[in-house]
């Protein structure tokens with residue numbers, strides 16, 4: 001049996017302080033436990049009544065960040081809600097419209113849950129003021145064209161609309177202008193006549209081919225684009241171009257009393273969809289939208305976390321019972337953890353005051369890391385009891401031996417988390433601050449609560465009644481017998497895995513493990529909201545993600561629209577300013593009134609005209625065909641070909657058919673001109689367009705209470721992927737640097753997350769190295785190593801700063817660390833070596849982990865990146881305890897059973913606890929569990945195989961060197977003794 005006296009105990013201030021604390025706790029166990037219970041209850045009550053939850057993803061971002069300020073300014077004007085999107089799919093537009101109306105009516109019955117539903121646009125009074133949307137030049141040109149029809153609408157000469165007279169007039173005008181103009185002027189003067197002839201001839205030909213296909217044969221008096229035609233319709237529905245997909249958009253009313261404020265609205269929406277779908281089986285109704293995607297993710301992850309927590313608790317509890325081969329001691333450790341968790345929640349409530357959707361995971365993190373301290377303490381305590389120590393001495397000796405390792409591990413892990421608090425991403429910063437404090441409080445509970453519990457529970461327990469935990473003797477024997485072989489073999493495994501994590505590319509070497517930015521890949525496979533948004537993009541060329549810009553006036557909004565539409569990454573732009581006349585009413589008022597005055601006396605009914613003679617029409621069309629054939633103008637030639645086909649078809653008809661066709665076409669021709677006149681008169685209201693004239697369903701979305709005008713910019717590509725997202729963000733910012741929106745928030749947050757983890761890793765590694773140096777160096781050497789390094793680093797930074805040479809914080813930290821390590825190496829290179837050995841589990845284990853991730857094609861993502869600080873903390877924790885065990889037993893070193901047991905137990909509890917998330921259907925949570933199991937397993941391999949083998953090899957070599965040195969000393973002493981004996985004998989003989 002090993003004897004404690006064989007341990008190389010270095011009595012330090014820290015170890016004696018921990019022993020004194022343990023002495024007090026054990027002596028006053030009732031008082032200590034009562035105090036801990038009162039504090040725990042107080043923390044729980046404080047948490048219940050004061051801790052808040054922030055569920056908005058915007059709460060993860062620092063409100064002082066420049067890009068987030070733009071988002072905040074936007075939400076203050078237009079609100080932070082995104083649309084719930086109901087998607088209706090059917091074969092006919094009419095059935096889609098019916099379902100949209102039904103959904104809209106039922107949604108409007110619940111104003112407490114929904115607001116601002118948009119599925120149809122009623123133009124209201126805008127059509128009566130349509131002419132005000134034309135420019136003064138367009139209106140003037142329209143009046144000139146209208147004047148050409150003066151004999152018809154002023155004098156009642158509707159006979160002039162007869163087809164034969166139209167062709168006569170066109171023939172006369174073409175011949176007249178051909179002789180009156182020359183060169184370019186001639187071409188310019190003939191262009192409108194050829195166009196009119198083309199419209200008239202094409203209309204006749206199409207109507208002859210299909211009696212249901214009538215196209216007005218009259219040129220437009222004023223230019224009317226498709227957007228203006230849409231405004232003139234009675235009701236516009238939100239449909240895709242094919243008419244197979246309709247949309248209803250509505251804002252959810254967020255409830256402030258739930259963890260996810262949109263849940264009630266989304267649940268009610270799904271109930272309404274279910275009812276309407278049952279009534280309309282031919283239509284497929286689905287629900288998507290950013291709030292739905294986030295809600296589905298939250299609810300799915302919460303359900304998965306509940307299942308994972310149950311599996312985790314059962315698995316960890318079972319593992320502790322098996323590992324310690326008992327029930328009592330594992331339960332005491334869990335009680336200690338519960339106290340530490342309660343204190344951590346109280347600390348969070350007092351310092352931060354809230355949890356966000358990222359920092360809420362700190363409880364799971366503390367369960368995985370906080371229990372490690374209790375396991376190490378308990379394993380050492382049981383080992384000492386089996387060595388024959390009584391209860392109180394065993395507790396004191398446990399605090400003296402593994403206590404310093406627990407403190408070092410807790411401080412390094414906590415500082416690693418606190419380093420995350422220095423990063424720009426607020427969600428990670430808050431998680432780091434909460435996690436760091438929670439780790440320290442769990443360590444305090446290990447020394448304050450666990451010894452008191454053990455002193456009460458084991459007071460009358462004999463040594464033979466103590467459990468015998470797992471000790472890993474076979475591993476210990478293998479490493480002791482073949483340390484060099486085990487070390488080299490494990491390092492070969494590390495080298496192989498490391499070689500798999502990189503690849504040669506055209507641009508050099510790169511990592512095989514990539515970072516997947518696509519947030520949709522975190523969702524559960526087959527989720528309706530995800531699949532629907534993909535169909536929307538493919539079938540309707542629309543996206544749930546769009547950028548937003550804010551203009552101070554309609555004029556500015558129209559200018560921005562044109563600029564955004566010119567970008568290659570933009571599909572389309574939506575805004576309301578184009579529904580407001582671009583020119584003031586003072587510029588157009590008189591012109592619009594002139595239209596109204598000239599068209600004030602139109603007939604109510606279609607005036608009768610003379611019947612057309614088929615033979616006359618045929619002869620005149622033949623003459624017109626011959627005339628057009630003489631011109632090389634492309635419009636004239638194409639019109640001649642149309643007339644040729646028409647005449648061939650017309651001549652093949654009977655006389656009765658010809659007469660019937662001409663009567664019907666003439667009637668429609670006269671009616672279409674009268675309809676155009678009436679449309680102009682109906683759009684000639686000169687009363688200025690007011691804001692109240694615009695559709696309420698649009699003004700509430702696109703115009704703020706302060707008079708700001710919103711522009712929505714939709715991407716051409718699928719911007720859930722980083723490459724098109726980056727291009728889209730770059731393009732829209734080239735037009736307006738203040739543009740914001742969900743895509744830009746996602747882009748900036750993704751960049752901040754990457755920078756935050758990178759920065760936190762650099763800070764954490766530096767802090768861990770410094771803490772380990774302080775732990776391993778003597779007090780004098782630690783001061784000598786730190787002070788000069790700090791002075792040199794500050795002086796270097798000051799000199800460079802004065803010279804105008806910028807130096808980053810990371811560079812300053814690296815400079816300080818290099819100087820500190822250099823001085824420490826000169827003073828005590830053995831302690832520096834121990835520091836590097838302590839870092840082997842997280843560093844080498846990380847290399848092995850990334851190699852395995854590369855070989856199994858597992859990517860990093862925004863969800864599983866959070867496990868990296870956990871793996872760093874667990875790896876450093878393992879390394880600290882192994883090296884501390886080595887420093888206590890440097891002669892003939894072999895890893896103590898308690899250390900093996902504790903590392904195995906802490907690693908397996910973490911692997912089971914977090915690995916339980918692999919049952920989740922949420923792919924983000926699944927990846928968290930998978931990556932952490934791989935990472936902790938790699939750290940366990942390095943901590944139990946590679947590091948102990950290296951330490952045993954080092955110990956054996958040092959012992960062999962000491963043995964050779966002692967033999968040399970004995971030989972020299974023997975030679976000196978023989979020389980003295982010979983000298984004494986010679987002196988005696990000489991005296992005789």
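Here the Cβ of each residue, glycine as well, is placed from N, Cα and C on the backbone.
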From the ranges 871-897, 925-951, pick the one that TrEMBL records as transmembrane segment.
925-951
Which stretch, out of 225-245, 246-266, 267-287, 330-350, is listed as transmembrane segment by TrEMBL?
330-350
Secondary structure split (DSSP) over the domain 'Membrane transport protein MMPL' (894-958) reads 59 helix, 0 strand, 6 coil
So if I exclude everything within five residues of the ends of the transmembrane segment (357-379), which remaining residues of that chain have a CB under 8 angstroms from its CBs? That is, six or more out.
53-55, 57, 59-60, 298, 305, 309, 312, 316, 320, 324, 329, 332-334, 336-337, 340-341, 344-345, 348, 398, 402-403, 405-406, 409-410, 413, 427-428, 430-431, 434-435, 438-439, 442-443, 445-447, 450, 454, 469, 866, 870, 873-874, 877, 881, 898-899, 901-902, 905-906, 909-910, 913-914
If one takes Cβ-Cβ under 8 Å and requires six or more residues beyond its ends, the residues near the transmembrane segment (31-49) are 24-25, 338-339, 342-343, 345-350, 445, 448-449, 452-453, 456
Comparing 399-419, 760-777, 782-801, 807-827 for Cβ pairs under 8 Å with the transmembrane segment (839-858), the winner is 760-777
